[in-house]
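This report refers to the structure that appears directly beneath it.
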Amino acid sequence: MRGLNLFQLILALLLSMVAAEDGYDGWLRYAPVSCDLRCRQALPSHVVLLNSTKGSPIETAGRELKAGFQSILSTNLTSRPFQCNSSTSILVATLDEYRQRCRDINVPELDPDGFWLQSEGDTVRILGKDARGALYGAYEYLAMVAQRNFSRVAYATSPHAPIRWVNQWDNMDGSIERGYGGASIFFKDGTVVEDMAPVEQYARLLASIRINAIVVNNVNANATLLLPENMKGLGRIADACRPYGVQIGISLNFASPEDLGGLNTYDPLDPGVIAWWQNITDSLYTYVPDMAGYLVKADSEGQPGPDTYNRTLSQGANLFARALQPYGGVLMYRAFVYDDNLNESDWKADRAKAAVEYFKDLDGQFEENVVIQIKYGPIDFQVREPTSPLFANLYHTNTAIELEVSQEYLGQQCHLVYLPPLWKTVLDFDLRVDHKPSMVRDIISGQRFNRTLGGWAAVVNVGTNRTWLGSHLAMSNLYAYGRLAWSPTDESEQILEDWTRLTFGQNHHVINTISDMSMTSWPAYENYTGNLGIQTLTDILYTHYGPNPATQDNNGWGQWTRADHDSVGMDRTIRNGTGYTGQYPEEVARVYESLESTPDDLVLWFHHVPWTHRLHSGVTVIQHFYNAHYAGAEAAHGFVRQWESLEGLIDRERYEAMRSRLVYQAGHSIVWRDAINNFYYNMTGIPDVAGRVGHHPWRIEAESMRLDGYQTYTVSPFEAASNTTAIITTSNSTTGTARTSIKAPSGVYDIGVNYYDLYGGQSKWTLSVGDKVVGQWLGDMEHNSLGHTPSIYLDGHSATRITFHGVGIRQGDQLKIVGEANGVEPAPLDYIVLLPPGLVD
């Protein structure tokens, strides 16, 4: 019998290692941990809930604790009636209820949503300032148990700020703007979906990281959300979220009184408009009595706003704030207001100055329930930006920071980029307002300027993909956002390690590997995309995904690099530039005003310098570009090798899904590297001192091969092709063949093929060496859940690579690729590369 039990234990452990998982449970897997009979006997065996009403967060806490103990420890927690002496039990209650029923207890002062957790072996007490806080405490304790942490603890914790929201940019048709994880879980075909199971699971995940509200629809809002049938649907969403303490809010279209209400104006001072919005708000609160509030994007990127009627932004915001006040609702008003038709020939023009110019003079004119939602940088979620100076210019107005979990400019979940180290460059930044410590994190909490409201918002954009965001590793960013919103001084790496244990288990090699990959990922992505503060050199006019540095300039969007043959960068100084540095407090402005004191990683944000300018590192700007792009691509290839070392330590489904993305990222990093380096080499004529840029001895350009049914094609932008040229089939319904005789010495090689995977077709390619087929593949990224914004062109978005490893070749063998066109995709090819195994070209 003892032998059988041991066998069953070993079998259970093995099954827990290899059982397929799809990511739907996120970090709430409640995976089994080793805990023998003696271990389990030292833990609670009962759960006691005080004042648990149906659907309340405290009832949810009890349900989660039971499910967690059963899954993690195979222990069946039984419910026990409340008693003050709760030995061998987990007691969950609000602090006030506990004090009314039992003796007073020495617990530090708690803020709303805070909790006290005391764990003494088989007796655990979780006391929340409110029911939501009690639920947070239950999740905290379960996270300890799930990480096999059974230590004795007694501590109180309260949130950094009262507002800890997430934003979804979901559209009424079910699409998601800047969403890369599938369709909306909230909307479809103009109405609210029937199935609330994914909504409930999302709320569960959010509650476990202490997020207290979600704005369910796009800031580019559709007024039809305010139709009665959709208000009723919002009520169902709120009902699904309420047991987890998650409130819902909605984004509003400023012109709704005219577009939906039949009025001939949406002037925020018009009595009819004011009455219309009050009536809408009253109606919404009948369906959602605990609605968190509204989010408004106005006078920005074509969205209507108060400026149409020559009204101020504060007058526009206060219209909604006053309608919400009887219900305790909050109005989040985005500071993302700027002119998208700037004149680049004006040396003083600067989009980065817009937020301060629009909002500073309105400080103190907003209602007390208005919170200005400020992006972390002054442009738009770039790979690196300086801290928005608006945080230092609103003394008498509530503020919140806006982050983006959805990787709009940062690889769209197809590239691994762990974001907290980026976020912390802003959160930990000291703005030195009035020469006093002024960390951004202390400004948004309200502490610095004695504000009672403020906090956090993050654009998340989960979808129907079972991984939520499209990528298993991208979920670390959502988890970390919640952790930082509660406690912004937590270390990025510690958060990551906790997430990894909860998501992938206790294996030290797994934890160390994922931690190393993730902590390296943001610097690597910055290296192969945009350096020295120049911003992410992506296509800002199209997908925001692949490389296209020319799109930054010669348009009115204001994300300019001002790059030319001789020099690069925006002069934002007071002395000779746009004056942007003057928007910062004196101590910070002084640092950025001087080229000598500006850190290298922001030098091109603040200064216009020659390409030959030497950085503090001693390297010229152009050589830094070349070096960084090669280093970044090298690091991306390293991620694949690191991940492959985890084979067998992670379940097959998640291992393979993540491996395919990392392989794709490695190939796309080469596309990025070459595009940026070639673009600026072509612009400057300054060679790479290491001789790498434009020199690829391992490559065979497709246009140099013998072509039958293929023709050459000039790619635009030129840098999106290795030699500015690709090949495509002569028509979209034909087959093309490209052949060449291999000149490389006989041996074993990795063969990479760079091609273009266009939206709207699934071409088929077959690669042969000699008389043997090496491999076949389809151009099916749009059907293979990759999820990034697709392209219908041969460009840096559609460019990708497939690699076949360990192929034996003989000098003189014929290498042949047959491409079969499909749809709009003409089986396009860029080049073939023969590499000694392990070499990055």
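Each Cβ is built from the backbone N, Cα and C atoms, and glycine gets one as well.
Listed in Swiss-Prot:
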- 1-20: signal peptide (SIGNAL)
- Asn76: N-linked glycosylation site (CARBOHYD)
- Asn85: N-linked glycosylation site (CARBOHYD)
- Asn149: N-linked glycosylation site (CARBOHYD)
- Asn222: N-linked glycosylation site (CARBOHYD)
- Asn279: N-linked glycosylation site (CARBOHYD)
- Asn310: N-linked glycosylation site (CARBOHYD)
- Asn450: N-linked glycosylation site (CARBOHYD)
- Asn527: N-linked glycosylation site (CARBOHYD)
- Asn576: N-linked glycosylation site (CARBOHYD)
- Asn682: N-linked glycosylation site (CARBOHYD)
- Asn723: N-linked glycosylation site (CARBOHYD)
- Asn732: N-linked glycosylation site (CARBOHYD)
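With Asn149 (N-linked glycosylation site) as the anchor, the candidate glycosylation sites are Asn310, Asn450, Asn732, and the one with the nearest CA is Asn450. Nearest to Asn85 (N-linked glycosylation site) in space, judged by Cα atoms and limited to the glycosylation sites Asn76, Asn527, Asn576, Asn723, is Asn76. Here the CA atom of Asn279 (N-linked glycosylation site) lies 18 Å from the CA atom of Asn222 (N-linked glycosylation site). Distances between the Cα of Asn76 (N-linked glycosylation site) and those of the glycosylation sites Asn310, Asn527, Asn723 are shortest for Asn527. Counting other C-beta atoms within 10 Å of each candidate's C-beta, the glycosylation sites Asn76, Asn85, Asn149, Asn222, Asn279 are led by Asn222. Comparing Cβ neighbour counts within 10 Å across the glycosylation sites Asn310, Asn732, the minimum falls on Asn310. Looking only at the glycosylation sites Asn310, Asn527, Asn576, Asn682, Asn732, the one with its C-alpha closest to Asn723 (N-linked glycosylation site) is Asn682. Taking the Cα atom of each, Asn576 (N-linked glycosylation site) and Asn279 (N-linked glycosylation site) are about 52 angstrom apart.
Taking each Cβ in turn and tallying the other Cβ atoms within 10 Å, the top scorer among the glycosylation sites Asn450, Asn527 is Asn527.
Least crowded of the glycosylation sites (Asn576, Asn682, Asn723), judged by neighbouring Cβ atoms within 10 Å of its own Cβ: Asn576.
A straight line from the CA of Asn527 (N-linked glycosylation site) to the CA of Asn732 (N-linked glycosylation site) spans 37 Å. Put simply, Asn310 (N-linked glycosylation site) is 32 Å from Asn450 (N-linked glycosylation site) when counted between their Cα atoms. With respect to Asn310 (N-linked glycosylation site), the closest of these glycosylation sites in Cα terms is Asn279, chosen from Asn279, Asn682, Asn732.
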